[in-house]
Amino acid sequence: MALVEREHMKEDAGRLSEATAGDFIALLKPRVMSLVVFTAFVGMVLAPANPHPFLALISILAIAVGAGASGALNMWYDADIDAVMARTAGRPVPAGRIAPGEALGFGLFLSAFSVGTLGLMANWLAASLLAFTIFFYVVIYTMWLKRSTAQNIVIGGAAGALPPVVGWAAMTGSVSLESLVLFLIIFLWTPPHFWALALFKEGDYERAGVPMMPNVAGAASTRRQIFAYSVLVAVSGVLPTAMGFASLSYGAVAAALGVAFVWYSWRVLAAKGQDPALRPEKALFGYSVLYLFAIFAALLCDGLVERFGA
């Protein structure tokens, strides 16, 4: 199916809306922002540095604003396809509560503000990584990959995986192998998380013409790939212990969480879509959100114990 035409969105690009503060908050994708902030904070805590608390606070706020800027620019560009998807039709731009031009200006301002603040208050390596993250998510993923390939989530997942690296760099002025392991955990987690969603929202993506894996390769192939990635997720989760920058206690927690992730994925594979309500797919999607918060919470606790003692 062809992508929805953007012309009707362009016609309203210059008008002013009567948006509320709540609409602009929604434009920032606060749920996504919360995950970005949390993983970035974990990267900051695990980094071998002792920054001033004020620097840490400003850094995490700048990263949060940068994440919100990405969300605003994504909603600006994707308003045409959001309008025809039941899951996203109520977002501020397609619903007409915020004009496209306002969303664009808001996103650009927040992007510049967040990058500039992080550069001036922390260091320009972290600011450059934040700028790259915003660019990659908005231009590479949103404007290109999302509408052109079923590998959109795989490649585009790099943007969502970078926040802990940005947080680490903000504290140390460098990028380390440990921070890249944090990146890897999120990068490998992204495909099974979003493909589980795509399996029970397949009609939405098909109507919008977005080439998600189930629409392109079929549901059976998607289930096999979900399972394969889930095994990799489980392995990546224990790497911090294997590499010596997390404790055996963390490793045990990560292993248990990873086994559960594989089990949920196996249920999706074994069900073969025969459950009309797609309960295994919905269960995996829900657990995947819990998994990422839990694995980074375990890393955070481990890092705090290491830093301050038991």
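Positions of Cβ are set from backbone N, Cα and C atoms, glycine also.
According to Swiss-Prot, the transmembrane segment annotation covers 32-52, 53-73, 104-124, 125-145, 153-173, 180-200, 226-246, 251-271, 285-305, on the basis of sequence analysis.
Just going by CB pairs under 8 A, the stretch in 125-145, 180-200, 226-246 that sits most against the transmembrane segment (153-173) is 125-145. Within the same chain, the transmembrane segment (32-52) packs against the transmembrane segment (180-200): three or more Cβ pairs sit under 8 Å, each pair at least 6 residues apart. Within the chain carrying the transmembrane segment (251-271), a Cβ under 8 angstroms from the stretch's Cβ atoms is held by residues 192, 196, 199, 223-224, 226-227, 230-231, 233-235, 237-238, 240-242, 280-281, 283-284, 287-288, 291, 294-295, 298, all 6 or more beyond its ends. Nonlocal intrachain contacts for the transmembrane segment (226-246), taken as residues 6+ away from its ends with a CB within less than 8 angstroms of a stretch CB, comprise 46, 177-178, 181, 184-185, 188-189, 191-192, 195-196, 254-255, 257-259, 261-262, 264-266, 268-269, 284, 291, 295, 299, 302-303.
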